[in-house]
Every structure is written in structure tokens, then in C-alpha cells.
Amino acid sequence: MENAEELFRVAVIGSGNWGSVAAKLIASNTVKQSMFHDEVRMWVFEETLPNGRKLSETINQENENVKYLPGIKLGSNVVADPDLLNSVKEVNMLVFVTPHQFVEGICKRLVGNIRPDAEAISLIKGMEVKTEGPCMISKLISEMLSVNCCVLMGANIANEIAVEKFSEATIGYRQDKEAAQRWARLFSTPYFLVSAVPDVEGVELCGTLKNVVAIAAGLVDGLDMGNNTKAAIMRIGLREMKAFSKLLFSSVKDSTFFESCGVADLITTCLGGRNRRVAEAFARSGGKRSFDELETELLQGQKLQGVSTAKEVYEVLRNRGWQSLFPLFTTVHEISIGLLPPTAIVEYSEHARNLNLLQGAVQLH
Ligand SMILES: NC(=O)c1ccc[n+]([C@@H]2O[C@H](COP(=O)([O-])OP(=O)(O)OC[C@H]3O[C@@H](n4cnc5c(N)ncnc54)[C@H](O)[C@@H]3O)[C@@H](O)[C@H]2O)c1
Ligand SMILES: O=P(O)(O)OC[C@H](O)CO
């Protein structure tokens, strides 16, 4: 902070389903806590609604995101703004919450246009794959904008938090514990319990990779395989999440997988998430309808992260010759591009062999 008495000003960059709930959570705190400026700006990727009105105008008039979070009041101190650069003016706490595929473009526009003392947090579950290797979204934000970037992930189906049902979340931070505590103060409410761990990569990889496992869980639902099969998929998936994370970053801690961002998010997403839902419909179509088509039909503008993340993970596996070590991740991608039928997710003989390999290759216990 340039001036010790200056209040922290927050902007939420993104206004989808989770972005809108994040704005609501934050707005309920900024009005109560004197360290924060009351107003919360929310950048809106502008669109015209079927009634001809602009989404941002409607949000400001009705205090509701009628497209991505209908029926929920955001708080009168949330101000929607379709102008990205204006939305971050004077802001020193930037909350990134868009589908991961749009972040790089957004950051390019923000370069040179944010406060030098700004700090960031990413609620985005996903990664990018560059020629030099995988790049987590928090690192992309941090490097492009020269800001410290924490992450917040957890068992957080947005529609449930919107109606204030109790849930937990995990902040991952690198060194700046004070910043992590400030983020925790900004997000915590009696129904949204936030804790912080010094493991950015572990927290972010949990949130990212569980979306691939959720696609697998949706496939077994669509094949009517039952609960035992789904539990097996979740167990194998968790094991691959942990092995992949530790191979990429030796600093990732085992304990992170027992936080909300780990096993809890995996469970909620595999039971009730959008990735699961669309994958179920894909399997029920026998793989004949594409994920893109089903996403458009079922989610009405909301975005899946699991299919693109499976592709990104697959690229990493292929580049490093690790495919046979990660049969579930590999199979999800090959099913999603039509190389294998949906039933391949439960053809286990090869998986079992490969899981033994995995145990030998990676220190799992
Ligand atoms: N929805 C949830 O329950 C939930 C919970 C936790 C984390 N997340 C994560 O939060 C992130 C954001 O998800 P969400 O649910 O808020 O979004 P969403 O899927 O509901 O909405 C899609 C958003 O993308 C915007 N968009 C479309 N095209 C764009 C473009 N070209 N450039 C920029 N924006 C564009 C839309 O306007 C909309 O705001 C994702 O990484 C997701 O995995 C979601
Ligand atoms: O609806 P999904 O599958 O995008 O998952 C939502 C959240 O990530 C659950 O924590």
C-alpha cells in the first residue's frame, strides 16, 4: 500500500456463475470491514440479452446477474462494468475468475494498466501449456502483471454458495502470509470458511485436475455403472492428481489433498458439477454428440473446463512420455476427442497394469 491509511479496493474480473457469487461474498464483507472500500467492481464480458438489453446494465439495474446467477441479489455495492481497464482503476486487490482460456487475453490488456502495488488472487481452475511446459494460471497472472498471486479453490459449486449453504475453501499462497490472511478476510463468511496453506501449486493443481476426473465420473454415470464404479474412478483420479502434481512440482504437499481444494472438491464436482453433467450426456449419446454441442445446449453460456484441461494434461503427458503412468487422464482425453468410445473409461485391465507402473515410478506413500 502506498498510503497506510488508504482502503483496499477490490475488482472481480469475471462475472460468470462463480464470478457473480464471488462478488456477492466479497461485497458482503467490504461493507462490514473498515479496511476495504465498500464498492466492489465486477468486470463483465459484455453481451446482449435476448430482450435486447446489455448484461452489465441489467446487473446494475436489478443488482442481479440474470444470465449467470438468476434469482440472487449481489449486494448494492457491486458495480458491473463492461470496461476492463476502468474496472481495475485505483484497485489494489484483483480477483481473477473467468474460464481459464480467456485469462491470457485479459492479462495482455491489463499490462501497464494496473496499480504497481496491486495483488491478485485466482479462483480459476485450469492451466495453459506453453512450448516450455505447463504454466499454472496464477503463474501466468503473476508473470504477465508482475503481481503476487494467491489462489482460492475448494468444494465450491457456485449455486449452493449463492444460497448461503455452508462450505469451505482453501487459499494457496507462496510466501506472503499477510496477503493470504487479507484474502481470507475478504472471502470468509459464517457460511464460507476459508483456510490458507503455503502451497500455491498444490492447491491450484487440485482445482484444475479434479475437472478431468469429473469428466470420467460423468462418463460412468452416463454408462449407468453405479456408485462403486464411480468411487473407483474418483480414487484412481485422486491418485493421478497427486502423482501428476508431485511430478510437476516436488514442493506439493500431501496434506493439501486433504484440504477443501483436494478430496472435498473432487467429491462435490463428481457428484454435482457441470463437467460431470455434460460428460454424462456425452456418454448417453454414445459419444455421437460433441462436448462443444452439449456444453452450448446444457450450460447456456457457462463454460466447461474439464475437456480442455484433459487436452492440456495430455500434452504434458505426451511431451514427457508419461501417458502410460496416467491411464485415467489419458483415457479421458482420448474419449473426449472421439479416439475411444465412452465405455473405454471402465475397461480396466490395462489401467490396472499401468497403476502398478505408477506406484513404482512415483513415491506415493
Ligand atoms: N461455477 C462454479 O460452480 C465454479 C466454482 C468454483 C470455481 N469455478 C471456476 O471459476 C472459473 C470461472 O467460472 P464461472 O463459473 O464464473 O464462469 P461461467 O462458466 O459461468 O461463465 C462463463 C463466463 O465467461 C465469459 N466469457 C465468454 N466469452 C468470453 C471471452 N471471450 N472473454 C472473456 N470472458 C468470456 C462469460 O461472459 C461468462 O462470464 C472457472 O475456472 C471455473 O472452473 C467455477
Ligand atoms: O461445475 P464444475 O464441474 O465446473 O465444478 C464447479 C466447481 O469447480 C466445484 O468446486
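Even glycines carry a Cβ here, placed using N, Cα and C.
It should be emphasised that the depicted structure is a prediction, and the values quoted were computed from it without experimental measurement.
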Record-annotated substrate site (TrEMBL): member among K108, K125, K130 besides R274, N275: K125
NAD(+) binding, same site as G14, S15, G16, N17, W18, G19, F102, A158, R274, K303, Q305 - TrEMBL member from F45, F249, F329: F45
Listed recorded positions with Cβ under 6 Å from ligand 1, out of G16, W18, F45, K210: G16, W18, F45
Sparsest-packed of the listed binding-site residues (G14, G16) - C-beta count within 10 angstroms: G16
Close-lying binding-site residues around ligand 2 among G16, A158, R274, N275, K303, where CB distance stays under 6 Å: R274, N275
Listed recorded positions (K125, K210, R274, K303), ranked by Cβ neighbours within 10 Å, top entry: K210
DSSP state at N275 (substrate binding site), helix/strand/coil: helix
Chain-internal residues, separated by at least six, CB under 8 A from F45 (NAD(+) binding site): G14, S15, P82, T98, F102
Max pairwise CA distance, angstrom, over record-listed NAD(+) binders G14, S15, G16, N17, W18, G19, F45, F102, A158, R274, K303, Q305: 21
